[in-house]
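A short worksheet on the structure shown next.
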Amino acid sequence: MEPVDPNLEPWKHPGSQPRTACNNCYCKKCCFHCQVCFTKKGLGISYGRKKRRQRRRPPQDSQTHQSSLSKQPTSQLRGDPTGPTESKKKVERETETDPVH
């Protein structure tokens, strides 16, 4: 290690910054250009804000599709259409007719 001038700020020490500027190339040489390039390009770590993906615009026909859906009748509930009260009455009748228990 060479002795460093104590009057220099740490960011101005020789060898602290590369001679060439960083670029957007992802080749092996550029990935190992400096520590910043290595973490960003080599490791794929960036601490900046993530860009929001824009949603793809729906096709123009989507509005007509929505209107056709609203014209369709709503589906009826599955199961016993009379509801749960009818099944309770059936259970009460079965217990009355079966006195063995």
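Cβ from N, Cα, C; glycine included.
Quantities reported herein were computed from a predicted structural model and do not represent experimental measurements.
Now, the feature entries from Swiss-Prot:
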- 1-48: region 'Transactivation' (REGION)
- Trp11: site 'Essential for Tat translocation through the endosomal membrane' (SITE)
- Lys28: N6-acetyllysine (MOD_RES)
- 47-101: region 'Disordered' (REGION)
- Lys50: N6-acetyllysine (MOD_RES)
- Lys51: N6-acetyllysine (MOD_RES)
- Lys71: ubiquitin cross-link (CROSSLNK)
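In three-state terms derived from DSSP, Lys28 (N6-acetyllysine) belongs to a helical segment.
Highest Cβ count within 10 Å among the modified residues Lys28, Lys50, Lys51: Lys28.
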